[in-house]
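Novice: Handing you a structure now.
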Amino acid sequence: MRGNPLIHLLAISFLCILSMVYSQLCPAPCACPWTPPQCPPGVPLVLDGCGCCRVCARRLGESCDHLHVCDPSQGLVCQPGAGPSGRGAVCLFEEDDGSCEVNGRRYLDGETFKPNCRVLCRCDDGGFTCLPLCSEDVRLPSWDCPRPRRIQVPGRCCPEWVCDQAVMQPAIQPSSAQGHQLSALVTPASADGPCPNWSTAWGPCSTTCGLGIATRVSNQNRFCQLEIQRRLCLSRPCLASRSHGSWNSAF
């Protein structure tokens, strides 16, 4: 079967162009230094893109080209257009599966895990979000326990409320000033009277990057009653591309 002569001519021309480009990028014969380069600890020696000389493999986030190849043992490939402002090539993971790494352990995208007994986390697109497992309830001062406080009980995960024995008061009728101060936290303030401020500190942001939600317990509302309040938070901007993030010091 005879082919089109024009197609044959184009194919031959294309092969000639490829051979010219290859000869410019990869000179023949190979010219390598007598001594191999000294690589940083943990960086292996690999053959360059021309298959001639041994070079230090490029690591995650480092620039790469036809000679300086990425570390194949780490699953890195040279991604064109991934450099600053979309220019140049950078070593990235071959398959960005959205997994995340916490305390040296890798979790799959969508997998839930407990870094400790106080929080439940979920791996989500290279980052992770966590929810508290310990109760955020608030114990108000009372006549028999005017100063409640949280303590860490041995053998228990979540802190518990106890009454400080050093300040325990006998079961007597409190003074009018003390009674007014304590009852103001329990009963709603009148429309004309001010609301005494009783608020906990804002909790951590629910996400490691991008917009998240932080919570606290406060009585700063129109009814002067304790409630869980929420607000938007931003820990840091998310990267444009997903990365295998590690947050070993988070817990």
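Cβ coordinates are placed from backbone N, Cα and C, and glycine is handled just like the others.
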Novice: Need the cross-check against Swiss-Prot: the disulphide partner of Cys39, picked from Cys16, Cys56, Cys64, Cys70.
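Specialist: Recorded disulfide partner of Cys39 in Swiss-Prot: Cys56.
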Novice: Scan Cys30, Cys32, Cys78, Cys100 and flag the one Swiss-Prot records as disulfide-linked to Cys64.
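Specialist: Its disulfide partner, as Swiss-Prot records it, is Cys78.
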Novice: Measure from the Cβ of Cys56 (disulfide bond) and count the other Cβ atoms within 10 Å, all protein chains considered.
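Specialist: There are 18 of them.
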Novice: Below 8 Å Cβ to Cβ and six or more residues apart, same chain only. Which residues does that give for Cys26 (disulfide bond)?
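Specialist: Looking at Cβ-Cβ distances below 8 Å from Cys26 (disulfide bond), excluding near sequence neighbours, one finds Gly49, Cys50, Gly51, Cys52, His66.
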Novice: For Cys32 (disulfide bond), which of the recorded positions Cys56, Cys64, Cys100, Asn197 has the nearest Cα in space?
Specialist: Cys56
Novice: Nearest to Cys39 (disulfide bond) by Cα, among Cys70, Cys78, Cys100 (disulfide-bonded residues)?
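Specialist: Checked the disulfide-bonded residues Cys70, Cys78, Cys100; minimum Cα distance to Cys39 (disulfide bond) goes to Cys70.
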